[in-house]
Amino acid sequence: MGAAENPGPLPSLNSRKYTNGITLCLFLLHLAAAAFAMGFFVFKTAQEISQHPRSHNARRERSLLRDWLLPVEGTVVLSIVLAFAWQKAVRAWPRVMVRAILWSSFGVTLAVGALLMCFSMLATVGLGVAMVVFSIGTGLYACWVTRRMGFTARVFERAVEPVEKFRGLNGPAYLMVAAGFAWISVWCVAVIGAVNFRFPGLTIFGLVVSLAWTAEVMRNVANLTASRVIALYYLRGMQSSVKFSFQRALSYNLGSACLGSLFVPTIEALRILARGLNLLEGEDEFMFSCAHCCLHVMNGIFSFGNSWAFVHIAAYGRGFVQASRSTWGQFEALPGMAALVDSDITSSVCFLTGVTSGALCVALAGSWAFATHRHYTATVSLLAFYVGYLMTRIGMALPQACVGCYYVCYAENPTSRLFDGTIPDRLNKMQEDRDPLVPTPRFPHQHGGGA
């Protein structure tokens, strides 16, 4: 059934071609420019403080280093601890953690939003209101997906089982988090230097965008490493080297990681927005038609750029667009599979771990800044959330990669003995719920198989 029944030679697993070379060159140029800019701003900060210690700029930079840098660095350390605590908890207790993550995100963001409003400053009140509104949306979302939580927990439970077979599989995530810590530490000092630059707003915005792309690439390097190891286990029964997979992710597949890091968050965010607008039917037929058209367009674009592509990028060395099309094509070839992965909430769970960590970092850094220098409370809080979110997402790359491999590899070979009845039973249930009066095709599965 589906892709598993198509005869033909097996695709090569050892492609030596660099994927998405143009994007790779752009990222490397961007990285060099960012490193140069950060080095320049750090140098100017040190020079100003050492050579003109009594100047206005030097006093301002010393104040920022003392009252702004320390809380942010503290949040970086906290976010690292939270990142691997979330990951360990999801791997150890997936049935409990799915529900806990969804509701803790609601509770923590609501509490931190109230805390920011209690600081009684215009900027912190604005941030607090934004977090409270987000927490309400998170609570409504948790209520909406209640019926999917059991299946999501089961998918997490089955997907992370192969991790124990590969020693050191978490190593690349540790390395990427360590690299992220070093990069962010220098980046924070560079932002202080950029405050006194000719165009501070534009410069700092550029540094923020650069950090987002760099951190997302780090996350996807860890994702690609884990995806290759787990995918080759599912598809070929191979014990792949973690070190070799990490080297491939940093060389042949890095261009695809860079391109995916640019487009996947954007495409998925726009798709969610289009879905939300499509739900607001109302009585305005023109607006409903526009929303429906936007959703149709975004669904079409999604097949050319989605997060499932990282499995085929890692396993077969395909380019990002080609891998997106091949993975989505496999889902569509298996009846009901596209609808199943489209309703998957594991990515939302991983996203909300980042949001929750970011909110906890805001509680730490915001309170610290409020106690030492109230003027910086809003800025420190905003940066703490940003840093906490990014670091946690890097740490959660492993379970998200495992889930991606579980879905994609099942679609490629649904009769494999390494898969149990989790997905087939869900597909059958979805089909029965859709039309209970029509006999439904039964999807094959192996109840006795284990990973």
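Just so it is clear, glycine is given a Cβ too, placed from its N, Cα and C backbone atoms.
Checked against TrEMBL, the range among 199-218, 279-298 recorded as transmembrane segment is 199-218. With a cut-off of 8 Å between Cβ atoms, the residues of this chain six or more beyond the transmembrane segment (173-193) that come close are 37-45, 61, 64-65, 68-69, 72-73, 76-77, 80, 83-84, 87, 204, 207, 211, 214-215, 218-219, 221-222, 226, 246, 383, 387, 390-391, 394-395, 397-398.
Between the transmembrane segment (199-218) and the transmembrane segment (21-43), the number of CB pairs under 8 angstroms, six or more residues apart, is three or more, so the stretches are in contact.
Away from its own ends, the transmembrane segment (21-43) comes close to residues 186-187, 189-194, 197, 203, 206-207, 210, 213-214, 217, 254-256, 258-259, 262, 320 of its chain (Cβ-Cβ under 8 Å, at least six residues beyond either end). Among the listed stretches 68-86, 98-116, 349-370, the one sharing the most Cβ pairs under 8 Å with the transmembrane segment (122-144) is 98-116.
Long-range neighbours of the transmembrane segment (68-86) within the same chain, counting only residues 6 or more positions beyond its ends whose Cβ lies under 8 Å from a Cβ of the stretch, are 97, 101, 177, 181, 184-185, 188-189, 192, 353, 356-358, 360-361, 364-365, 368-369, 372-373, 376, 379-380, 383-384, 387-396.
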